[in-house]
Amino acid sequence: MERNLKNVLVISFGFLLLFTAYGGLQNLQSSLHSEEGLGVASLSALYAALILSSMFLPPILIKKLGCKWTIAGSMCCYIAFSLGNFYASWYTLIPTSVILGLGGAPLWSAKCTYLTIASNSYAEKTGKNGKDIINQYFGVFFLIFQSSGIWGNLISSLVFSQASNKAEISEENLACCGAYDCITDTTNTTGSAEPSNSLIYTLLGSYTASGVLAVLLIVIFLDQLKSDQAETEKEILETPTFWSTFLATFQHLKDKRQCLLIPLTMYSGFEQGFLSGDYTKTFVTCALGIHYVGYVMICFSAVNSLASLLFGKISQFTGRKLLFALATVTNTACIIALLLWKPLPKQLAVFFVFSALWGLSDAIWQTQTNGLYGILFEKHKEAAFANYRLWESLGFVIAFGYSTKLQVYIKLYILLSVLVLSMVMYGAVEYLEAKSSPGAPTATQEENAETKKENVETLI
């Protein structure tokens, strides 16, 4: 096997193992650690730390340690989060969440840098186009990586399905499920659906082992960048200093279009935060039991992945406006239906329908919003995507921050309000674009391929 391709596969399977653990654990935080809102508070702290991390840590760590050891070290931050869940408390889970958040940005930056260097190196040897090899290598990476959402959730559901105490959920507890939840401890895990400590430890042990295997895979099998590639690595990392990057990020807000896109970017964090923090707890766990969370999120991940691929291909024919309209209608319909629906165990299929429709609309929000940033701010991509990460992460922080303070129906109204505001502001952006450059082309296939890369980077 060609050496560069081997390294791409090592990184891909390393990330697959790591995010199999992290993805499954993130979806369970609100259900596993519902007391005093510890689970969602940890996620809020995580994304707050990620905002800080993305501002200055990646170039510093990669220059000091190199790509390989930055990847390995950052992966250890994720393992710390898994370990913090063993004895979850405010003194263990919040610090380990912050550690994970600080390691998130360097991990993805080092991965992108390594794959870019490997691509250019192979292109030079073979005389091929560098961009083509980059797209090919990133395509291989995401093909393998995207399945982590399926495996992580499958493991959690299979483990929790072994519970022997799966008693019928009482009518009293069912009355506290859904949009008009009782905001008491009964909504958290509905008592009878709570898994035993032994099952929780089994799951956490599996996730921790998966993270350790990921680190070992990188340390043992990933090649260190050769000396002749070190200069390339140095060039790629010749990024502005922290303060110049920080200033460039906020100076970019002078662009009226960037300001108008803030609600849309934050909505991405709001809607993902609602699904993983509120839908999994007050609908799925409350009415079905925690062992169904994984299955429902597998449905979301599978539809999201397939839809991302589909919309990436068809957007060149439909244009982004039609796709944004489809996502708006789909999300609005879901929000209104969730406000009216009273979840019951016998309505099993409905839980999966909601997650599938949410996955469909999320695929559009992720791919098309990233693509929109790439097209509108082509000359200032670094500052533009820094703003993207900033405002989306802030959306996550706010969504998880108020998760335990408000009833679900209020959160759904907030979500709907932000969605309406986002579309009004987005319409203004399209109007400004049409006014300044009539007949401007929509995203090409290549832009949408790069969109998928940016999408996963913003989700850690």
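Residue 1 is the first one shown; counting continues down the chain.
Each residue, glycine too, has its Cβ placed from N, Cα and C.
Features reported for this protein in TrEMBL:
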- 449-460: compositional bias 'Basic and acidic residues' (COMPBIAS)
- 438-460: region 'Disordered' (REGION)
- 39-57: transmembrane segment (TRANSMEM)
- 69-88: transmembrane segment (TRANSMEM)
- 94-117: transmembrane segment (TRANSMEM)
- 137-160: transmembrane segment (TRANSMEM)
- 199-222: transmembrane segment (TRANSMEM)
- 289-310: transmembrane segment (TRANSMEM)
- 322-341: transmembrane segment (TRANSMEM)
- 347-365: transmembrane segment (TRANSMEM)
- 386-404: transmembrane segment (TRANSMEM)
- 410-429: transmembrane segment (TRANSMEM)
Are there three or more C-beta pairs under 8 angstroms joining the transmembrane segment (386-404) and the transmembrane segment (39-57), sequence spacing 6 or more? yes
Counting Cβ pairs under 8 Å to the transmembrane segment (69-88), which of 137-160, 199-222, 289-310, 347-365, 386-404 comes out on top? 199-222
Before we move on, state whether the transmembrane segment (199-222) and the transmembrane segment (289-310) share at least 3 Cβ pairs under 8 Å, counting only pairs 6 or more apart in sequence. no
If you count every Cβ pair below 8 Å, which range out of 322-341, 347-365, 386-404 shares the most with the transmembrane segment (289-310)? 347-365
So if I exclude everything within five residues of the ends of the transmembrane segment (386-404), which remaining residues of that chain have a CB under 8 angstroms from its CBs? That is, six or more out. 30, 36-37, 40-41, 43-44, 47-48, 50-51, 54-55, 183, 245, 248-249, 252-253, 258, 262, 265-270, 272-274, 277-278, 369-370, 373, 411, 454, 457-458
